[in-house]
């Protein structure tokens with residue numbers, strides 16, 4: 001009774017904190033000079049993280065199994081994984097730029113999990129025989145950690161892709177403007193170029209392009225590192241799942257919809273890592289693959305559960321609309 005009450009309290013506190021933190025996050029994005037609100041936002045993220053950690057531990061003690069038996073618990077664990085990634089980047093001093101991507105991932109995942117849409121799944125139940133195994137913690141935790149890392153890394157790559165696209169558009173626009181100017185004002189072009197070389201270093205546009213290039217390099221660096229970590233988690237999760245499947249169903253691989261889409265996800269990000277090792281390839285090429293992988297992950301993690309078929313159908317759910 002005590003743990004059940006504590007679970008409800010932590011759920012309501014975490015949802016309330018998410019609402020406050022989302023509001024602070026939007027304000028900090030709109031007003032860059034509000035430093036106090038940014039630190040309040042980070043404190044709110046830390047408080048929410050501890051609330052989710054307490055919620056997971058409470059469910060673990062109360063229901064006597066690792067809290068990854070259904071979609072609701074896996075969503076809570078997914079948001080907890082997003083918070084971990086956000087904290088790592090925060091303490092690595094990658095604050096303003098990358099937190100704008102990692103923080104919403106954690107907040108919106110948790111807000112969906114703790115909202116009224118999954119009320120039927122908030123109450124855990126006795127595990128089905130297939131889940132009554134020590135492999136539950138190993139397999140599912142590695143898969144969810146892999147999903148979280150790959151999703152965050154893919155979002156960083158998508159941001160890189162958007163900035164690269166904007167940079168290319170600006171470069172094309174400037175080139176066309178230069179050609180038009182050269183055609184009509186050929187006599188004055190040398191003087192303008194000399195003046196431009198003098199003022200270029202002090203130009204706000206030049207400074208903006210410099211910081212945009214620095215941000216693109218930073219996004220590329222961290223997206224590669226986070227996706228590489230997620231790929232390792234995903235590989236361990238798939239291998240441990242194969243061993244568990246052999247114990248539970250007598251076969252290492254059954255081409256279940258969840259297994260098939262997990263293999264597709266693994267293949268997509270293996271292609272991403274292969275492209276990243278090619279020094280002649282542009283960053284945007286790997287970012288496009290990461291964007292495809294981002295969509296595939298949600299099909300694998302969330303879309304397959306909507307079907308409610310296959311050997312992983314115990315993770316399916318029905319939305320409750322009031």
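Cβ from N, Cα, C; glycine included.
The feature domain 'Cytochrome c assembly protein' is assigned by TrEMBL to 68-312. Per TrEMBL, transmembrane segment is recorded for 12-32, 44-62, 74-91, 98-118, 138-165, 222-245, 260-275, 287-311.
Across the domain 'Cytochrome c assembly protein' (68-312), the model assigns an average pLDDT of 78.
Same-chain residues lying 6+ beyond the ends of the transmembrane segment (287-311) with a Cβ under 8 Å from its Cβ atoms: 71, 78, 130, 147, 150-151, 153-155, 157-158, 160-161, 164, 220, 223, 227, 245, 249, 254, 256-259, 261-262, 264-265, 268-269, 271-272, 275, 317.
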